Structures are given as structure tokens and as C-alpha cells.
Protein chains: 2
Amino acid sequence: MEKQKLSVKNSITDYIEWLAQYGASADGGVTRLLYTKEWMDAQLAVKTEMSSFGLETRFDDVGNVFGRLSGTQSPDEVIVTGSHIDTVINGGKYDGAYGVLAAMLAIKQLKETYGAPKKTLEAVSLCEEEGSRFPMTYWGSGNMTGVFSVQDAGEPRDESGVSLQSAMYENGFGKGVFQSAYRTDISAFVELHIEQGKTLEMSGRDLGIVTSIAGQRRYLVTLEGECNHAGTTSMKWRKDPLATSSRIIHELLLRSEEQPDELRLTCGKITAEPNVANVIPGRVQFSIDIRHQHQHVLEQFHEDMAALINGICHQKGIRAMIDEYMRIEPVPMDERLKAAAFETAAENGISCEEMVSGAGHDAQMIGRCYPACMLFVPSRGGISHSPKEYTSARQLEIGVRALTDLLYKLAY
Amino acid sequence: MEKQKLSVKNSITDYIEWLAQYGASADGGVTRLLYTKEWMDAQLAVKTEMSSFGLETRFDDVGNVFGRLSGTQSPDEVIVTGSHIDTVINGGKYDGAYGVLAAMLAIKQLKETYGAPKKTLEAVSLCEEEGSRFPMTYWGSGNMTGVFSVQDAGEPRDESGVSLQSAMYENGFGKGVFQSAYRTDISAFVELHIEQGKTLEMSGRDLGIVTSIAGQRRYLVTLEGECNHAGTTSMKWRKDPLATSSRIIHELLLRSEEQPDELRLTCGKITAEPNVANVIPGRVQFSIDIRHQHQHVLEQFHEDMAALINGICHQKGIRAMIDEYMRIEPVPMDERLKAAAFETAAENGISCEEMVSGAGHDAQMIGRCYPACMLFVPSRGGISHSPKEYTSARQLEIGVRALTDLLYKLAY
């Protein structure tokens, strides 16, 4: 028998704790992977809760849940707000969930205070953003924007070999029973999210207004040299790909410091073969992840990086292969929405600042097609994707207030 | 039934091919791990062959095999020559084996040509040098010099959990049936070996006369920083142990170039955690292997290295731990033996050069207690510990000639 879920919920914090029971892990984390039982239970619970708020609720054909409050003057201009319901494995309670719950609560409060809006408001609980079960991300917002469709579900498989399609079918989605996820009626998308960094914590401000979601490029660099005996091989004849990798990573980081604004460069992964203390490696692979809000900065760095790697490797007799396996262009947030968000914060005396989001979000996918904006609240220690994820009740409330007032400004 | 082993053997090359049949792998390599059947069969075959040459043969209590030609004037002054019979997993035909077989053939030829020597000559097939089955090395020469004794065999275990002691017992050794391995009567030890590097190949010379066996120090360096999101963590707040490792390895290599003679520095092993492209690692470990023929150079570099690592880590907020897990002091070869080796080469018109051995050898263990010297023949491409190990018949013969004449000079 399922344990009784929390039923009395007054604050955003109560709602966070309530939703965190679906897929709760022993150490206070949450695991809700797309189309699993925990995920479906949570999505159904969200839908029921939205209904209890007096919103018209529905699933779409990939399992996104909407709670709609129709507009009286321009019902076809829809202002959508929300985030995603899925999590990484043993993630935190706030990532995604906060934006979904804050959206529901904001619309509930607007409805109770002001009645029906002029334009339609919709809270959305997007089915998937993290890419933690299947090797793809943004399944919910990607289907809404037409980047993906249910026809794309045949290929991707989870670790046990289950296809996205069969997992989707098992939950009743993807068969046309529900309305297609594809939308053409969105006039604005607003996503409230935890920062997942510590910019706000360090500045002491309560709200981040995102100007742009950084573009990302990811590379796997493979260097092939000559595997040899550490004792008998003279330094002058070595073709040592780990020595060369170290120099490249060091020089790329120095180069990144010279970039305008902040280019973030991370080498997170490195492997050497055979990886034995007394053997000069024959082959080393390392990853490079670069992020920046300006396309031209990423482009120029890409060029410089390739020249630097090839130059050093040529000099050292090392064969270099650079595989760019991910490229996501920067997405600027909508100017009008950003301005409205700043006004709202000012009217409410909320301390805020502009910031770039280094992480990807649904607003990035939707922002390519529709006006979008994002609001951030602080994350303690910048920690995310961990049971240690935490934002205080006060900071969560400030975020909900900013969202509520922004939606009022846009829809009433 | 065991396949028929080659029986007609005329040249050193024939003997190399003959012995390589014991533990032969499909791709032309050899695997003879200490106290395995392949090892025991090979050791017995060597003993039988030595007997057929008219040498007095015996095992000692750890399984070293000796073939003795007693001296007529000073029988208690023993000149021992040989190397080891064991191999790495899928190693080559030459490493160790060449020195054993050349020793037998050299003494055989001296006996046939000149009869009994003044001093005693012994060919030895040492039981173990590589450390490829049990986590220890130099079991044969270590027992001869008293660095180890059979009492040390209880601890070390192979990958299947078999102790060195029980493997030794299974073969009949270690129980006092044979004479103790410990020797006090060695007046010289001469080891002929393949170079395992490409110094001779590059210089075009046929013989290397080793001046010193380099000292080695091995370290495992652990850097602990802060695991964080690659997108949301500002460059200025990062504690990135992979960025820091890269800088350290790069700077250490630059520093190594400034050392006198040649300090060999190798980082062969590196691991990052969690080792994911879009996560700043929390922890990185890498190995450092340094080798040099002079103790004071190693000592000074050790100091400089620790200062450099601690300095950079302090600056970057990284916690550094440096674990020195191996220290072997340099062992100079005996001046008188070296001089005799040079004379021999000159008399025979063999092109030769002085060199430092970067790899460890039995002569290093024995050279700490007794006068020792080593002769090297070229290794094609410097390749060793591989089925691709190769030295031409001509080069093998030159080595045997040099050894034979050196033994003549010492014993007759």
C-alpha cells in the first residue's frame, strides 16, 4: 500500500515537500525519471491539484500537464509558465519542481484575487528536461515547439534497453489519445527556477533575471602518441599524449581568461591508456565544455582552440582528433519580458540582478520560438542535482511573488 | 600431451625460440609467471640443458637454477652470470630469457675451448624479477642477497588470492629441501639484457655498458577541489583539481628539462572523479615517476616538486596529498667490471657506449651487495614487455661474444 501523501499544504515549501514524496530517496533526494511509476504518480498528483485550484487540466500526447485559466479578451494569446517534473537520479527537491509548483500557486492566487485574466494563463508541468533516463533532453518543450515529435521516440533507449516509445506507450501517451504537444499559440513563456550556481548567494540578492541562456559546445579531444617504458625512453624521443594534454588544458584555461565577459571552460573528463604509473600513455582523451552568451565569442574560441591544439600536437609529434559532439546556440531572453520582470521586482522592492544562465533550461528550447524569460532564486552553496539542493522558504516565497506579479502584468 | 619442444639448437636465436615455447601465447608473446606450470617446465628445461652442457646444476630453495663450472684455483670466488626466467603477462621472448641463455652458452663455450676456469663460473636462471604475479619484485635476486627470505612469502597474494608461500610450496620450494638461496660467495655478477629503450638503435652501436641503474621514485598525487556544475559555476569560484593537475604536470615537465644529465619524468596514470564532461571534477589523482642516476638530483627534484605542487594548490584552494609509494636508490655498476667490459669490446671491435639503465634489473639488487655490471644489446624500436620485442640474430650473437670474453677475462 502506498503511504499517505501530505495533504495540508499552505506554502510553496509545503508543496515542495509534498511533491518530493513522489520518488523520494532514502537520503532526502528525489528520483523521478520520465515515464516511470514515480513520474506518472507525480504528474497525476499535479494534475489533480491543478484541478482543485479550479484550472482546466489536460495531458498532451507526450505527457506534459497543463492547468489553464482562460482569458476573457484574448483567450488565444496564451502565457505559459512552469518547468519540468522529472529529475536526475537522486536529484534535489527544487530543480524543475519549484517552477511547476510556483506556476500553479501563482495562477491560483491571481484567480482568487482578480478572477479571470484578459489573456489566457497556463501552468505547465513539462514531462522531461534532464535527459537522465533516455539519451535526449527537452522532450517536453521540444515537442511543444516542434523540434521533436512522437515519431522521434523509436530510437532512444534507456539503460535496460526500453525504447522511449514503449515507455511512452505504457503510460498511454504517443498514441493520439491526447492532443498533440505541438503549440502555435504561446505569446510568452516564463520559467522560475533555482539558480544552481552561487552568483545570487555571493551578491546577497534575491532574484536573478536571466538575460540569456549561454550557448554550449562540447568536444572530445583524442591525442595519440607512443606508448613506451617510463624508465628506458629518453625524454627527447617521447610522444607523450598526457604531457601534451596537460599543456593544452593549461594553455586553454589561460586563453579563456582573456575572453570578454566570462567564458566558462571545463575539462571534466580525462582518461589515459593504459593508465599505468610506469608506462608513458599511448592515448589520452579529454572533454572540453565551453559556454558563453555570445555566439561570436564561442565561434572565435572554437577557432583558436583548434589552432592551439593542432599547433602543440604538431610540434610534439602527437596525432590530435577534435570531435565536437554538442553545439547549442545561445538563446537571448525576450527584451519586453525582461523589462517587465525588472519593473515587477522594483515595484515589490525585491533585490535583483541580471545574469546569464550557464545551465540549459526549457526556456532555452521555447525561447527559440516564442518570447521567453527566466527568473532565478538563490541556491545554497550553488549546489544542485543533489539531495543537498536547498533554497530557504523566504527566498522561495519571493520568487513566487515575483512570478505572480509578472504574470499579472502580462495577462490582466 | 605436451607438444614436442624444439630439440636441435645451434645458435642463441635457436635457444631463444626454444625457451619461448614454454608459456607461448597465440600472438608470439610469452607468459611465464612465477611458480606456474609454464614457469616450472621452463626452469626444469633450463636445468636439464645446463646439465647437458656438463655443468653441475641445482635449484636453490626459492627455485633459482644454477649451472656451475668450478674453478681450479679459487673455487670459492664465484662469478655469476644470468638473468630471470619469468615474464610479464604476454611479454616478449628476450627480456630475461636472453641473459639466462647467453650465460649458459657462454660458459659452455668457455668450457669447451679452455676447460676449467681458475675462478668458479655459474650461470643462473633467476626465478622472478618482473612482479607480474605477486605484488613484489626481485624475488630471486632478493633472496640471494638476503633482502628477502622465504619467511617473507606469507603476505603477498596473486589476483586469485593464492599466497606466494603456497605457490612456492606447490613447486617443492621454501621447505628447506634445497639449499638456502642466500649467498656470500659472489665475487662478480654480470647480466646481459636487451636494452628495452632505443638509445643503441638511434646511435647504431651494438653494445651498451651500463654505468649505473637509475634510482626511481614513484608518487601518487591526490588533489581535492570542489565538484560543481560546469555551466553555473563562475570561473572565479572554481576549485578545479583537473585544471590544477594540468598546470602542475606541465610545469613539472618544464622543470625536469632543467635538470643535469636527463631526469626522466612520467605521469602515466590519471583519474578524475566523477569524470563527466559537464561536471567540474571534485578529485583528481595522478602518478609521477622520476628516474635519475644521481641520488642528489632525485632528492633535490623531490623537494622542488613538493614545493611546486603545494604552492600551486595553496593558491588555487585545492587540497594536495603527495604519497611517495616507491623509492629505489640508484645503483652504480662496479668500476673494475665496467673497465673490463670496455676492454673486451675494444679487443673484439664491438661498437659500444656507456649508458644509464632507466629500468630496474636483477643487477640492481645484486649490485648493492656485490660488484655487478650489465651489458645491453639493442631492442628494435625500444619495444619491450610486448610480443613485438625483437633483437636481430647478429646483435644477439655480439652480446654473447662480449659476455663470453668478459667472463674469460674475469675467470681464467
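Heads up, the Cβ atoms here are built off N, Cα and C, so glycines get one too.
Bear in mind that TrEMBL entries carry predicted annotations, made automatically and left uncurated.
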Listed co-binder of Zn(2+) 2 (same site as B:Asp95, B:Glu130, source TrEMBL) among B:His361, B:His385: B:His385
Rounded Cα-Cα span from B:His385 (Zn(2+) 2 binding site) to B:His193 (Zn(2+) 1 binding site), Å: 13
Of B:Asp95, B:Glu130 (the binding-site residues), the residue whose Cβ has the fewest other Cβ atoms within 10 Å: B:Glu130
Cβ packing number for B:Asn278 (allantoate binding site), 10 Å threshold: 18
B:His84 (Zn(2+) 1 binding site) to B:Arg218 (allantoate binding site) - Cα separation in whole Å: 24
Zn(2+) 2 site shell beyond B:Asp95, B:Glu130, B:His385, criterion: Cβ within 8 Å of Cβ centroid: B:Thr87, B:Val88, B:Gly91, B:Gly92, B:Gly96, B:Glu129, B:Ser132, B:Ser384
B:Arg291 (allantoate binding site) to B:His385 (Zn(2+) 2 binding site) - Cα separation in whole Å: 19
Members of the binding-site residues set B:His84, B:Asp95, B:Glu130 whose C-beta sits under 8 angstroms from chain A: none
Number of other Cβ atoms within 10 Å of the Cβ of B:His193 (Zn(2+) 1 binding site) across all protein chains: 27
Cα-nearest neighbour of B:Asp95 (Zn(2+) 1 binding site) within the listed binding-site residues, B:Arg218, B:Asn278, B:His385: B:His385
